[in-house]
Every structure is written in structure tokens, then in C-alpha cells.
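What TrEMBL says about this protein:
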SIGNAL    1-31  signal peptide
DOMAIN    259-310  domain 'Spondin-like TSP1'
COMPBIAS  334-427  compositional bias 'Basic and acidic residues'
REGION    334-474  region 'Disordered'
COMPBIAS  435-462  compositional bias 'Basic and acidic residues'
COMPBIAS  463-472  compositional bias 'Basic residues'
DOMAIN    524-577  domain 'Spondin-like TSP1'
DOMAIN    795-854  domain 'Spondin-like TSP1'
DOMAIN    1177-1219  domain 'Spondin-like TSP1'
DOMAIN    1427-1480  domain 'Spondin-like TSP1'
DOMAIN    1680-1719  domain 'Thrombospondin type-1'
TRANSMEM  1769-1792  transmembrane segment
Amino acid sequence: MRLAAGAPGPCLAARALGAVLLLVWLWDAQTQTVSSIKPTYIWQTGMAVSFPLAGGELRAAERDFSISTLGALGEFYPCMLVVVDCLKKPPGPDYSSAKSYEQIRRWPVREPAQRPVVTTVADFRGPWGRCMGSECGPGGSQSRAVWCAHSEGWTTLHTNCPQSKRPDNQQKCFRVCDWHKELYDWQLGAWNQCVPISLHKPGVPRPPVCTRGEEGIQTREVSCVQKTDGEPANDAICEYFEPKPRLEQACLIPCPRDCVVSEFSPWTSCSKTCGTGLQNRVRSVLAPPLFRGSACPNLTELRTCELVPCEGEESVHSLRVGAWGPCSLVPSREARQVPQDHPKHLDRPDRPDQPKHPDRPKRPDRPKRSDRPKRPDRPDHPDRLNRPDRPNRADRPKRPDRPKRPDRLRRLDRADQPDRQMRQERQAKRRKNKEKKEAKGERVRQRQRDRERVKDPETRELIKKKRTRNRQNRQGGKFWDLQVGYQTREVMCVHRNGSTAALSLCHEQTLPVTYQACVITKDCEVTEWSDWSACSKECYEPNGPKGKRTRIRRIQQFNVGGGTECPHLEESETCTPQGDGILPCIAYTWKTTEWSECRVDVLLSQQDRRRGNQTGLCGGGIQNREVYCVQAPSDFQSNLSSLKSKEASRPVNSDLCVGLPPNTTQLCHIPCPVECEVSSWSAWGPCTFENCQDQSSKKGFKLRKRKVLNEPTGGAGNCPHLTEAIPCEEPSCYDWLLVRLEECIPDNNRECGPGTQNPQVQCINSDGEFVDMQLCRDAILPIPVLCEVPCLRDCVLSPWTSWSLCSHTCSGKNTEGKQTRARSILAYSAGEGGVQCPNSSALQEARSCNEHPCTVYHWQTGPWGPCIEDTSVPTSNGSLSPGGTGAGSIEASCAVGMQTRKVICVRVNVGQVPPKNFAVCCYEDVQGAGGDMKKKQSRKRIIIQLPANGGQDCPEVRYQEKECEAPSVCPGYRWKTHKWRRCQLVPWSIRKDSPGAQETCGPGLQARAVSCRKQDGGQVDIGVCLKLAGPMPLLSQACQHPCQDDCQLTSWSRFSSCASDCVGVRTRRRLLVGKSKKRDHCKNTQVYPLSETQYCPCNKYNAQPVGNWSDCILPEGGRVEGLLGMKVQGDIKECGQGYRYQAMVCYDQDNRLVETSRCNSHGYIEEACIIPCPSDCKLSEWSNWSRCSKSCGSGVKVRSKWLREKPYNSGRPCPKLDHVNQVYEVVPCQSDCGQYIWVAEPWSVWKVSNVDLKENCGEGVQTRKVRCMQNTIDGPSDPVEDYLCDPEEMPLGARESKLPCPEDCVLSDWSPWSQCPLPCSTNNTRERTASRIRQPGESKQCPSTTEQESCTLNTNCFHYSYNITDWSTCQLSERAVCGSGIKTRMLDCVRSDGKSVDLRFCEEFQLNLERKWQMNASCVVECPVNCQLSDWSSWSECSHTCGLAGKLWRRRSVVQASQGDGRPCPSQLEQWKPCPVRPCYSWRYGAWSPCQAEGKPGHLEYRLCAVVMVGWYVQGARCGEGVRFRNVSCFVSNGSGRNKGNLVDEELCGDLEQAVDGDKQIILEELCTVPCPGECYLTEWTAWSACLLSCVGGEDLGFGSVQVRSRAVRAQEAENLHQCPQQEWEVRPCTEGQCYEYKWMTGPWRGSSRLVWCQRSDGLNVTGGCLVTSEPVADRSCDPSCDKPHSYCTEAGMCGCEEGYTEVMTSNGVLDQCTVIPVLEIPTAGDSKADVKTIRAISPTQPNASLPGRSSRTWFLQPFGPDGKLKTWVYGVAAGAFVLLVFIFSMTYLACKKPKKPQRRQMNNRLKPLTLAYDGDADM
């Protein structure tokens, strides 16, 4: 049966009651019915239920749940979960097909046979309320509602529910407060391994081909913990402050990387010299398997080999030696005398895993030798410290009860045991030696007694010092307890199959030595840490660097015998001084001098003409100052004495100042002197008195004046004179001005005839101002003017014109001023009875004007003189204290002074007027008075303030040098080695049973002491040398006590000197010593040569250049000083002739690098070079300004420059040029509309075209000449071009009119037109009038005297408006280069038709400007600041201490970046030159010797510097644990790292620290293992591979890089392969790395196969790395096989023919035969044998494969392909032949064609304008 639970309809209706009715059905799988279960009362708290529905799932959360189906049935209320224990459970989900809850209810229901037991769950977790409480922390509480509900959905009494199962309605909780944030935090675990998504989601398929990687998911643990101890806490606490961090994140799993291995090495030699053996070849791992990639294949490949059959029985056993055991002390005598029944003496079987001689324990009751009382009769001798104190072995009683030692059991098996006679000889020798020692000891004791008798204090002191030295030389000194012991090893006999056998089976081999001397291992011991030292910083600086304090510990015991190394002996930490009274630290700050004078000349370009004359330059410039570092003032320093204050202001090293220093250059501006701009001279005024108040003088003056339009710099006093005067007669202060003449009135009241015109006058003063009439009472009043009114028949003349302006302003000998006026004939007389017209001369009048002489005077003033104290004014004292640290106070007395200047009267064009004539100039008062109250080992002084106002000059000497004092020698320390002690052998008790052993000879160890000394020999603590003197020398070394038959020789002497190189020989010698001189076998010079001879070395050296040429370097002092002593910007000498260098290298005759001095070279090749100088852009000078583009109003004027030379070598760039390489400057200009006027001469006489001779009247023409003239204040002066005048205003030059007849009315000329009223309108009119000059006759009338016309806009009526032009470019003074300037704009009056007119038109019409426009504005032109560089720094240290690649560098920095059009900074801010080549000497290891378990008797010698090391070994074992050696030698190289270098004498490395590749620990010996015959073993580790990155398409995926190394297996016996170890490889991370790609490579086909291999992108052939799915085919086969002659199997798997043959195929596509081309065999119709077809005909898509390797055979031209069609090359040859034929025909035609006659080219005389102009500059 299956349990199903659901919530019925009443559950929806019972929400208000809080109860839920839960129905439970029982499903019967056999009857397909549902049986109901009786509901029960349950406790309601709001838990969750879940059961399946079709299309969804009924689910509930912890608080609420909802039903989710296809129909979205709605939301359920909280319901209770009931657990039902069923008798049976139906298989599988039963309600998966249900669509809704109603469908479940309608299913059949039956009563169950047995009612299940329904149990209510009592442990409910409902929604708890908020944690409440008065205190923060775990003391809070939270509650929830609990009630009893009926199964039908209504709430009932609590008694109906079982009380024992009632859920809790309250619980304890943790109340979170804000301060808990400091106590709790999220603890984030590490991300787990990235797991593919396909494992999380089974439905997600994995990609078939991995290209970049597979997406995955990483998880981690996140928990809330306490910050203090990490204890876990409730997550709700941390969630209160911060959301819980994510538990998952996406990740990328790279594609699997298979293992990549190299190619196999060559086959090794056969493992056996006879019989069947094995050969091995191995390969290494290049890339490890990563990211689930395929594992590495076998690194070893084996094959059997058999050289020759073995003769006789093959040896299958070998002696094998084990590793040396621990070093043990020599057992004392008591320790060796153990009872016979001691278990140590019991016979034990041989065990291969246990040494034969275990360490013997010391007796605990035996005191140490150092603790035992000394014997008074025996002096302290260092040699006896480790020697056991026991009687001679020969004198000791024999012990018959002593059992045999285990090592004696082994000796029974040996065949070479010594006999009894040899033993007796040794005992006799021991007795003799004992007697000698006793005699020697007696002599020593006697000397000791003699010393004790000495009473001299000095002698005692010397003895005491000697004893101290001897004590220091002991091998067990103060810092090391060096004890010599022994160690043993096991020897066993092994079978070829690896099993252990009895030693007797290895009887053919000599047993090796099983003992050796050693040093007892002791670890380093140090003292406790000392107290911290005082802080290195003794002052307080809150933001500055902290101090440092240290503590040390000393060595009590050095490590010996391979013990633990000593830890670091010194440590330090940062600190700040503590305590009261700590003074603040001295602070340093930047200080600057005053800015220098502003200089403009440094901004001038190379071509600027002002460079020759730099006076008066103004505008933008540059000024400099010096920056230096001084001690910053503080409150404490203010209390110091003046001496200390002066010391504080002294410049110090700039490195002491932090932060960026202030700028040393800045732009400045010199105000340009504003030129005084004056107006034109006014007209000469009337003759007036100098002073109208005093008219006593008869002399008068005519004045003319001008105004200052632009105030100059320094006031109007710098302007030219503004008034000029000329003397005149009859002066007058007031005069009458004729305003106009009234109408002519005939005399006697007649109508016509003579009359008069009365003048209308006005009184004016000398300035032309109207004044009261009474003031002119003394002036002559103008009289009436005679006139005439013409009668009817009289000649009519026009009125006189006004007098013209005077032709000259003054009169002289050659000049005279004239004025003219004219009139014309308007009508002729009638003849009789009328007044006749005058002749033409009477129509003009002239008069003199400006009759005064041309003598002009004016006042001229000189500059103001120096300020002189005015004693008439009382003095006021004051003190000035200019700022500046260290400058002191300057007191000065100031007073009021007076300045004077010279004033003279000057006659124009003559000079100064003598003083007696000053009266003629005194036309104005001249006043002026006033007082304007107006910085090896060397040291330098900086000018802080320049002298001013007569202050004291700066001292001339501001720089001093002196030779540096001799530097103090830094203390040096060195190791001092003491003499080697006596060679100590392995105790005789240990080695006496070894074959051939002798008691007093053999290998041993000897020790020595070392101490730390100063260079002067004084002794210091040994820790100083450990820190400063390099590694400590060796304390022990192997030694050899010569045996009786050994030959002893001295060391080789040095070779004798050679007289000269390459000539003669040199020798070295050695001698036999001791008893070796008497032994015959030692005298054999063949075996022991006593001299060696060699030719003198032939030292030949050759020098050759190496490396690149350096930069071109100018000689020192290449800067040019400016004219005023300051470095001028732009004139820095950074070009010209310099030198470049190339290093020289010197080699000896063996091609070894040596010092360059051997080749008589200073190390360089020097070659002159040129640094091209920068050339600025060169332009021409400015052209003259053009005329203003408009003659009236505002226009523009232009000037230009053109390009003369382009810049090069980083010269100043050109400004922006136009297409013709010109640059323009355009400025607005204002033209006075009245500067050019039309001047018309009087009308000519009428030329009557239709003349009435009687009346002399009719139609006629008048002409006059009209000219354009320049208008001045005095009137028109000179004629100019007509285009300068306004053509619209040009007067008429001719007019046609009717000449009046007698008695006709005569009118005057028309007056000008009146102004049209504004605004213009056609309804308005304008008019002009004429007056009647002659009245008409009785029968005649006068025409109208008025004319009118309509006002038409832009025809005779105009509107006017103001117009503001654009701003001009910034205009500088002619003396300025840049800086402040002025830009201008113009105000125009513009007529409505667009024409500019005089401003008076706008003013006359009373037009007001909208606002006050500013016509001038200040502006700035960017200064062309050239790039300024600092001086070159000093040359750096060589980048390499030795070798060929060393470089010296010097650098400079940009002090001032270029601005504007300044010269840009050069790209080269650093220079290099090679260092002198020095050989690179270094210590290097030699190759390791072959690993030897044992060797033949002898010694192995190798050197470290001058120390001879000896390793002893004995012939015997063939395998096992051994040792290998290597030498360390001095090598020379060129430092490039590409070659290993050459071996040289060790003396050349004498100054180097004993280190190899930076490792100070020299290792010349190491343990190794020699495999036994038949043993399977691992090879040595390969070198680490290159760093490998995980890449795709050359792009790093970011997973880091790794290196790998491997060990392969080598086997010697096929039977032992099962014992072989597993191959190994190791991986380690590394930095950087490289991406490699892999691709398949194929070789040519060889028959039906070819080579296919994988190749890495660096060209290395590998196995692995390439995709297996894309591997090319290596083998091919054809079916049927290609057995026809000249046939082969193609790549397509079909038979083809070789080159020169064509295929003949059968009808079914099988090759029938190969036929020679071009013979084609075509079968007849009756021949059914075969059809001629080709492979292409059958399968045209198959490629045509050719048999490789046939290039050396005879080849044929095959025009037809295998498909019977022409090949492509046939078409190509045909096309080429066709082109060749066309070419031949064309050339033939051209060669036979007659040439045309040459035509002369006509040169165009019009030349194009040049864009480059040559003005004679030599730079072109």
C-alpha cells in the first residue's frame, strides 16, 4: 500500500479558525481504490506537506505552501503533516496522473481490511517570532502560537489533543545587537575542486570535442564564527549584518592535457659481455598529464641482445656494500671488556639488514676524560683529547675466555689469513714504538719541569700566550667539540636474481673495507636572544620612517659532521623612541632663491634678427631660480643660538628633502613699453598773444596742437611734443568770424545794378569758441562786400566760391601760401544795353595766406635724474628687514629726495635755441619735481637675495673645491686557519681484523681550528666572520698515515720561470722524504717521477672589437653659456662632433678571455661621429602691411611670411602654413571715410551746341575736372588713385543745360537734396532749391525754384546701423615674442544697402549703442618655450661586473617641457657606452666521477683552491652504496651565458668568494648507488623541463605554469623485470612559461607506408600532445595488390603508374598495365580485352599521386593527364608562345617604322610663382 495525503476543501474555508482538516487515503494497487482514514485531532503549528500531482507538486515551505499544477489551482493555507505507518506500500508513484485535487477525491474509496495506525508528529518547527529580550546575546526568547485543531478544520479545546505531544511555544534565542558586528563574521572556506556541470546535472551532455574547457561549479563552506576563537555560531547572527556569501561559483575545467614524452634515446650497450642480455633506451617526460589527461606511457623500452656465447661458468654472485652506519665514538677499554655471557657475544646468523658491528654503549659509570683529574706528570696536549687512555695492547694480559667477535667469524671464510709469523713481527714493532713513545714522553715532562723553574715574568707571559694559542688550536675548541669516531658498513654477497647468498660464494672477490674514520655529528647550539638594542632613531617623527633595533645570539657549538645548520644570529624590527624628553627629528624642506630677471632672448628662434640686438625686448620670457634643501625651522630651533640657526640654513644634500622640489623655471612677462600714439596736427590757429591777460608784448604766436591717443608707459612725459608754435605779428586774443553774407541789395533802391552784402559775424577766441561780442570790440569788424544784381540784359555770374585751403602752411624763400576762389558765367549779356561778361581771367581770384615764416618751435624735456636727498625736508628713519633665512636684518635710513630734468627749447630742423631766445618758447608753463622711492669635494653658496638700492654686493667667490681627505679604511675580517692536527686513524681494535691492515698506517681524519681575525691580526668574535668573511674553512679532511712500504714525496714545486714567452722549457720538482729515499721501488722514476718539464707557455694575444657602437657622445663641457652668463635656452650645445665607442676584447692563444691590458689596449675603439644640430623652421620676415581693404569704415589689412626652410633634427616646428607654404596675419583696420575726397575744379565756359548768335543762348555743355585727392587737416593735398574715393559720391564731370537768353530768368545752382525723413517711405519726399539771380522779363516767367522726389529705400534714402567686427588676432609689441598682447575690433556704421559709411551718419541720426562695446581686450600668445633638459648625470656603474655585455649609462631629465611652437624634447634622454671588458672568473663544478662502490687501493685527488683532498677506497665490491666525486675549478667566460667558459689557473679566482652559482656550500662528494649485475633500477632525475603554460591557440588560460622531471627504469636481466620499480615523475610550479602547440607531421610515402609523428612548435619530436582523432594515415593498401610493372599503390588506395607511364584500366576500374607516354594503345572494336581508361575517368575526384623519390630518374613531358585531358602546363606553354610571338611582331614593327620629326617644345614664359623664396640666407 501507498500513503497519500492531501488537504480537502474545508481547509480553504478554515483559515479564520486556524485549523486544517487533513485527509489520508490508503491506496490498494490490486483493486485500484482509495480507502479513507478517520481524521484525528492534531496540534497545529504550521509545518509542511508534499505529495505529487500530475503536472505539478503539492508542496509547502516551512511556513506556507502552495499547490502548483497545470491549472494553477491556487494557494493552500498552512496545514499539518501527518505520518502514517502503513501495512503495505504500493510500488511507484500513484498520483502522478492526477490533474487536480477534485480528481483525487472522486477516485473509488473502500474500507481497508486493516486500519493503519495514525501517529501525530510532535516535533514541529513552525515560524518563530522575533527574538526579544532586554539584553543582547543569548538571553533572548521567541514564541509562536500553538493550538488544537479538529480534523474537520475547526479549533477545539486543548484537552482534546494529547498534552504529552504538545509542541513548545517558547524557546531561547540569541538577540543580535549592533555591537555584535565586531565579534562575529563570516568564515569563508577554500573553494573545492571544480566539478563539471554534467555531474551536477545528469541531463547536461558533455561536449564531444573539448576546445577551450568545460564549465564547472565550485563549492565552499561558509559559516558564522566568533572572530576571537573561531567557534561556530548561528548563521542568523551574521545574516543580521551582511548577507551570507555565495556557496557556489562558476569555474572552468581546462581540456585534458595528455602526457607528452620525448623521443627515445639511443640503445644502451648490452648488459652482458657474453650470453643473452638486455638493451635499454629511455625517454623523458616533457609535459605531465593535467586535468584528467592520459597518463604517461612507459619511459623505457627493452630488447634482448647476445654478443657471443659465454665460455665456462658465468659468475652469478657479487659483493654488495651497504651504506655507512652512524658515526660512533671509539669504545673505551672498560666498555670492550664485557662478560662472556653478554648477549652481544652470542653467535647470531648473518642478517643482511643488520650491521655486523653495532655501536657499543658507553659505561655509565665511566667519567668523561674532561671530568677526570689530570695527571700532574703529564702536560696538557691537544693530541690526546680523543686518544683512549689505556696501556699498550702488547702489555695487556690475554683473555682466554674472550669469545670470538662476530667479525672474526667472517674472517674464517677468507683464504688470505695472515700467518703467525707476521703477527709476531707486528708485536715486536709495537714494543719498539712503545719504547720510543715513553722516551719522548720523558723528554716532554723534563721540558715541562724546566719551564716551571723559570721565574722571569716576561717569560711567563710569553708562555701563557703560547698556551692560549695552543688551546685555541685544539680541535675541540671554544665553539666546536670536534670528535673523531668511526663508522662501519655491511658487506653481503648477492645473487644475480637479487637474493642474498653466503659470503663464501663471493670468494673470488676481495672483501672491501668495512670501517672508516668520521666526525661525530653535532648540531649547532646558540645562546638565547640578547636584549633589544637601543632604537637607531633617537628623535620623534610621527610621519617619517621608523628606526630599527636589533638583537643577537651567539654560537655555543658549531655544527660538525653534517649536523643541523646554525639559525640566523641576528634579527631586527622597526621601532620608535620611547620615553620623555624625546626631541622631534630634524626635518628638511625645500628652499628657493629669488627668481632671476625675466629674459626674453631665450625664446628667440634661430633666425630672429633680434638675437643680434637684444635691448628693449619685452613680452613673455623665462626666469630661473635655484632650489636647495635646508633644515626646516622648528619651535625648538627658534631657541638656538644664531650660530646654530645659521647652520640650520646651510644647504644640505638634496636627498634629505622628501617630496617634489619646486619648479626651477617659470614663464614671466616684461611689460612692453606702450608707444605714445598721437593724433595729426591741427590747423594753425590765429595769431594770438602768449598770455591774453598780459598783452604788453607785441609778439604773438600761431599754435597747432595734437592729442595723445594712447598713453605710453610711464605717462605722457614720454610722448613727443604736443604743441608747436610759430611767431606772428599783430596778435589778437579775440576776433570776428564771418558767418555768412546776406543777400545783395542794389543801391538806391533799384531793382538791379551794383549793391552791397552785409556780413553776419560772431566773436570767437583763439581756440575758435564763440564768446561775447563785447570781447571783440577792439577787433576790426568785417566791412560790407560789394555785389551786383544783374539786370535783364546783363551778364549773369555765379557767386564766388569759398576760398580754398592754403596751399602751404608757411611761407619761405621757395614756398608761398596761396588761396583761390572762382565763379562762372550763368548767362551772357544781350549785347547792347547790357553789362558784358568779363574775360576768363576775371572769373578767378587768388590771395596770399600763411605768410608767416616756416620757423617752428617746441619744448623738449630730458629724463629725470637720480634722486638726491632734499635737505630742506626733515629725515624720517626706518628699518627694512627683508625676508630670507639666514640673511640677517638690514637696517637703512630713508629720506625724501628730489629729481630734476633738463628742459630746452628746440627749433624744428635746426636744434636747440640759445637761452636768450627761450622767450619765444615760453608758451606754456613747465613744472616737474618729485621723488620716486624706488641676489673633487666642493661647496657652494647660493645667492638668496640680490643687492638693491645701494646694498652690499654679493661675494665673487661662491664656489670652492678642495681635495678630499683620504678615506678611512673599512675594517676587514678574515678567517685564520690553524695547522692541521695529527691524522687520527680508526682504532686498531676496529680495523685489526681487516686483511692487510696495519696498526700505525692507513686512512684517517685530521682536524684543525679556525678563528676570526681583523686585517691587522686582532682577534674578534667568530660571528663577525660568519657575517662578513664568507664561508668558514673546512675543519676536517681525510688524511693518510704512510705505511712502511709506501713512498712519500713532497708536493710539486712551482714551475721555474721562463726567460721569455715561447722560448725554452720550465721545470718543477719534488723529493722523496723519510725512509722512502732508501727504498728501491720508490726510486723508480718511471713510477714516481721527481721532475716534470714542459715548454714555456706561448702567450699570444689578439684584440678584436666586440658589441655595437655606443651612442654618439659629445665631449664634456659641451654647453654654451649665454651672453649674460646664464645658460640660454635653445643654445645648449647638444650637437656637433662627438665620439662613439666600441669595446675591445683580448683573447690569448687558447681563445680565452684575458685583461685588455695584455693586448696593449685601453679597452675601446674610438671613432668620430656627428650629432646633427636642430634646425628651426625658417620663415621670411613679415611683409609690409597691405592697405586697408576698405577705404571707408572697418576692413582688414594683411601681412605674410613664406617658408624658407623646413625644420629638421627636432627643430622648432613651423606654424600652420597654407597650400603655398605661407602664413598670414590679418588684423582689422579703420579707414577714415574722409581721407580721400573728390575735388572738382570750376565749371568750364558753356559750350553751346545750338547757338543763337544774336541772343548767345541755347543748349550747351559745361565740363570740369574731378580728381581723387588725399584729404588732410589742411585740406586736399595730393592726388591719388580714383579707386580710393567712393565712386557713388563722384561729382559730375560734365553737365548739359540750357544757357538762359536775355530777359530769361536765371537761377543759381541747385542746393543739395534735403534729408529724407526716417524711416524711409515712398510717401515721404525730399527737395532741393535754387535762388533767382536775374529776374525774368515781362513776358517771361521763372521756372520752379524747388524740386521734389520720393524717398526710396536704398536709392536716395538709407537706414543706418552700428556693426561690430570680429576680434583680431592677438597683436604683440614689435619687441615681444609672446606674452600679453591686445586684440581689437572695430565699430562700423553700415548703411542699409551694406555699404560702410562714416560714423557721423549713425551719430547724426542719433543711434544709440545697445551697450558700451569694448573695442580692445587683453590676450595672451603662448610662448614658444624650447624643451629644457637637465645636465647629463654622471656615468653609472657598469651594468655587469664583467663580460662583454656591460654598459655605462648616463641620463638626463626634462626640466621644462616644450610649449607652443618651442623646440620639442629630444627622444634620447639616456646614453650608453660599453664598459671595459673584464674576464668573468667563477668557480664551477666539474663532472661527477662515475659512482664507485669501491675502487682499487689508491686515492682520488681533487682540489678546492690550494687544498688537496684525498678520498681513499679499496678494491672489492662491485655494487652497492658508493660515492662519487667532482672537482671545483676556476673558469673564465665572457658573461654571455652561451658558452661554458674555459679552464684557467686557480690563482685567477683567488679574490672570489668560494661559491658556485651563488651557493656558498661547496659539495664535492655525494653518496650514490652502483647497481649490482642483474638489478633493475631507476635512472637519475632528468633536468627540469621548460616552464609550460596551459594555452589554447597561443593564449594563456591563466592556470599557471609547471615543470616536470622524470626517472626511467633500466633493467639488466629479463628474469628480474618483476622486481623493477615504477617509473617516476615530479611536477613543480614555476613562473613565466611558454605556450607550445602540437601538430602531426608526415614523411614521404615509402611504398604503402610513411612516417607519421607529432612535433612540438619548437621543433621537438614528441609522443603525445597531438589529437588522436586527427592523426594522418600511416599505412595504405590496395586490393588487389599493385603487381603490375611500374605500378604502385596511391594514397587513394588505388593502383597508379610511376612518372613517365600512363595507366590503362580495365572496364571495372582495375589497373591493367602501365604504358610509356606518349604511346597510347587504343583497342579495336573487336577487342574486348580492355578499354583504355584512366583513374581520373573512373574517379575524377581522386587526387593524382606521384611516386616519391623519382626526381633523379629520367622524366618525360606528359601533355595528357591520367584522365586523357591536356594538362594545365600545356595551356601555359601555349599562352607563353603566343605572347612571345606578339612581342616579336611588335618589336619588328617599331624597328621598321620611320621616326617622326622632332618638334621643338615652346617654353612657357610665364613662370609659376615660387613657394620658397631665397633671401640670401647662408643656411639655405
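Each Cβ is built from the backbone N, Cα and C atoms, and glycine gets one as well.
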Check: When DSSP states are grouped into helix, strand and coil, how many residues of the domain 'Spondin-like TSP1' (1177-1219) land in each?
Finding: 0 helix, 16 strand, 27 coil
Next item on the list: Helix, strand, coil: count each for the residues of the domain 'Spondin-like TSP1' (524-577), based on DSSP.
Entry: 0 helix, 19 strand, 35 coil
Notebook entry, point to check: So what's near the domain 'Spondin-like TSP1' (1177-1219) in sequence-distant terms, Cβ-Cβ under 8 Å and 6+ beyond its ends?
Noted result: 605-607, 609, 1135, 1225-1233, 1235-1236, 1284-1286, 1363, 1365, 1386-1390, 1395-1398, 1424, 1426, 1461-1464, 1466, 1811-1815, 1817, 1819-1820
Margin query: Can you break down the domain 'Thrombospondin type-1' (1680-1719) into helix, strand and coil residue counts using DSSP?
Written below: 0 helix, 17 strand, 23 coil
Check: Tell me, what is the mean pLDDT of the domain 'Thrombospondin type-1' (1680-1719)?
Finding: 82
Checklist line | Secondary structure tally of the domain 'Spondin-like TSP1' (795-854) (DSSP, helix then strand then coil) | finding: 4 helix, 19 strand, 37 coil
Item checked: Per-state residue totals over the domain 'Spondin-like TSP1' (259-310) - DSSP helix, strand, coil -> 0 helix, 20 strand, 32 coil
Checklist line | Residues in the domain 'Spondin-like TSP1' (1427-1480) grouped by DSSP into helix, strand and remaining coil | finding: 0 helix, 19 strand, 35 coil
